[in-house]
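Trainee: Take a look at this one; I'll ask things after.
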Amino acid sequence: MPKGGRKGGHKGRARQYTSPEEIDAQLQAEKQKAREEEEQEEGGDGAAGDPKKEKKSLDSDESEDEEDDYQQKRKGVEGLIDIENPNRVAQTTKKVTQLDLDGPKELSRREREEIEKQKAKERYMKMHLAGKTEQAKADLARLAIIRKQREEAARKKEEERKAKDDATLSGRRMQSLSLNK
């Protein structure tokens, strides 16, 4: 039992759990909001939309860019003090339509080295199969030597078999001659 007679740790707050009803209500609200946005998108494309809303949306696109450049979320005291830093680069947010996904990606050093390593390995394997590398030449020479040794061994074996057959035939002849006497 922990010291102090309390149950549980001393750090942290009491946990609050959301009930299943509250979760369902939040999901319903999100679905409703999504439906309303879809209806506005479908209705806003045609001539049925309010001209005031359309004009406001056009003006808001232009003013959003200016607001983003002028005032970003400032942290801490930064909102109170206006600082001009010529080295500070303002973060610009790009819209999805402005992103260039088809352009070539710049690879990291590790990725680039990995690709080069794979290409070098493929080139080596092609050269090796063609017999142009030192290792392939050594392998082919070793195989030629082994082939010659096997041919010689097969020839010797054949000669020994012929000699044995000749010896058995001559032995039978001698035997048959000695029996004929």
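Backbone N, Cα and C define each Cβ position, glycine as well.
Keep in mind that TrEMBL annotations are predicted by a computer and have not been checked by a curator.
Sharing the features that TrEMBL gives for it:
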COMPBIAS  1-14  compositional bias 'Basic residues'
COMPBIAS  50-59  compositional bias 'Basic and acidic residues'
COMPBIAS  60-69  compositional bias 'Acidic residues'
COMPBIAS  102-117  compositional bias 'Basic and acidic residues'
COMPBIAS  151-167  compositional bias 'Basic and acidic residues'
DOMAIN    85-162  domain 'Casein kinase substrate phosphoprotein PP28'
REGION    1-117  region 'Disordered'
REGION    151-181  region 'Disordered'
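Have a look at these and tell me how they're positioned relative to everything else.
Mentor: Residues of the same chain lying 6 or more positions beyond the ends of the compositional bias 'Basic and acidic residues' (102-117) include none with a Cβ under 8 Å from any Cβ of it.
Broken down by DSSP into helix, strand and coil, the compositional bias 'Basic and acidic residues' (151-167) contains 17 helix, 0 strand, 0 coil.
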